[in-house]
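Below is one structure; the comments refer to it alone.
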Amino acid sequence: MTIILGIDPGSRVTGYGLIKESDRKIAYIDSGCIRTSNDTELSHKLLQIYDGICELMDHYSPTEVAIEQIFMHNNPNSALKLGHARGVAMVAAASHRAKIFEYSAREIKQSVVGYGAAEKDQVSHMVVELLQLNRAPQKDAADALAIAICHSHMRNGLSKLIGSRGTKRRRMRL
């Protein structure tokens, strides 16, 4: 059995989703959001994200972590803040000796929905279907679960079934 933590990083809201994989079957464990205080400095927000991810790592002990890659924003300042949030999430996971994998938004959508340009509501719907949930999780948590599902598919060779047109296996980061 493998426990996978999916992370959808953000400086205000970082989504997380935990699934377990056993015999190529996935099951929901937990999901939610780490919300940072609006009135604090960036350094304090980053510490809140770091502490939140560390708490998840301590409680659930995932051995693999999947995180969304940065995409270019129109606003460079937003991209920098997202990069900082992503960085502290990765450091928190790495400090717990988890293997870290990165996927682009297109790869995640392709893996979960079957279409790399899928809309957010399509991704959320497939998360509910694949994990047999009663209702859709919060937006950022649903995205994080999609990232975890994508990693499960990739580690089980979905990329070979889709072919080079769809997605490619990502390098592991330690």
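Quick reminder: no glycine exception, Cβ is built from N, Cα and C everywhere.
What you see is a predicted model, and the numbers here were worked out from it, not measured in a lab.
If you draw a 10 Å sphere around the CB of D8 (active site), it holds 28 other CB atoms from the protein chains shown. According to Swiss-Prot, the feature active site maps to D8 (among others).
Using a 10 Å Cβ-Cβ cutoff, E68 (active site) registers 24 neighbours. For the recorded site, E68 (active site), the DSSP three-state label reads strand. Per Swiss-Prot, the feature active site maps to E68 (among others); the stated evidence is sequence analysis.
Summarising the environment of D140 (active site), the number of other Cβ atoms within 10 Å of its Cβ, over all protein chains shown, is 23. Annotation source Swiss-Prot lists active site at D140 (among others).
The secondary structure of D8 (active site), as reduced to three states from DSSP, is extended strand. Among the features that Swiss-Prot reports, Mg(2+) 1 binding site is placed at D8, D140.
Swiss-Prot lists E68 with the feature Mg(2+) 2 binding site, giving sequence analysis as the kind of evidence.
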